[in-house]
Amino acid sequence: MNGHCLFAASPPRLFPLRSISSSVSPSGSYRIKFSDNVAVECRNLCFSVSTRQGISVPILRDCSFRIPSGQLWMILGPNGCGKSTLLKILAGVVNPSSGTVFVEKPKNFVFQNPDHQVVMPTVEADVAFGLGKYHDMNQEEVKSRVIKALEAVGMRDYMQRPIQTLSGGQKQRIAIAGALAEACKVLLLDELTTFLDESDQMGVIKAVKDLINAKKGDVTALWVTHRLEELKYADGAVYMENGRVVRHGDAATISDFIKAKQSSYIDQIGS
């Protein structure tokens, strides 16, 4: 996993919520659904910010793509291309300036830095944390959900472990289990392997891939990454540059496209 780092990693970002609900902006909108068998879809999505001088700076420009249900997709592109902003909009943390968005619910955001999300003293308590809002759920059902979620990410035997004894990759898997315990349909994953060692990187990727395969269409994952070698685990990908979706489709096609761009760039430097 140390191989080809496609783009430089960005620093960690902190968001305040684990489970996120969509909101609606005055211009952009969140749709109930565009079509069947689609978990995520954007149409002509734009997002801009204003400077102190009142100048509008575009961050996302006319982005359109769709992700089928039950698949693992990745978003790749250079630093500053809009990957994380796009993920925040899909999560409902940021409203689009214009365009339309559909993300199947429930959806959950898993942070780049697990220490921003995994905060309870034990594994069991942390995975159960998000279930506290379901006041009609008894303790037996809570425990059953926690066990099933931990089994899905290969962490069942860690249920009583203190959080501080876990590695970074294990904490990421606990964060994913917390999302699964809430029966989420879409996982939004922000550069989960950026600060992990090789063993932890593989553990997290395998957990997500195994989860998607085991759920058989019930869970979809969208993973922001800067590592080209991670793309081989995906079903499809979105490649971005300068706030635009340049290509989207099956993982092999996007991988070939990126490698061709890299080769062309190297040839230009050498000429």
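For all residues, glycine too, the Cβ spot is worked out from N, Cα and C.
Residues annotated as domain 'ABC transporter' in Swiss-Prot, with sequence analysis given as evidence: 40-267. Confidence across the domain 'ABC transporter' (40-267), taken as the mean pLDDT and rounded to a whole number, stands at 91.
The secondary structure of N79 (ATP binding site), as reduced to three states from DSSP, is coil rather than helix or strand. The Cβ neighbour count for N79 (ATP binding site), using a 10 Å radius over every protein chain in view, is 11. What Swiss-Prot records for G77, P78, N79, G80, C81, G82, K83, S84 is ATP binding site.
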*asked:* In the three-state scheme derived from DSSP, which category covers S84 (ATP binding site)?
replied: helix
*Other CB atoms within 10 A, centred on S84 (ATP binding site)*: 18
*Show which residues of the chain containing G82 (ATP binding site), separated from it by at least 6 in sequence, have their CB under 8 Å from its CB.*
F47, I59, L60, C63, M240, N242, G243, R244
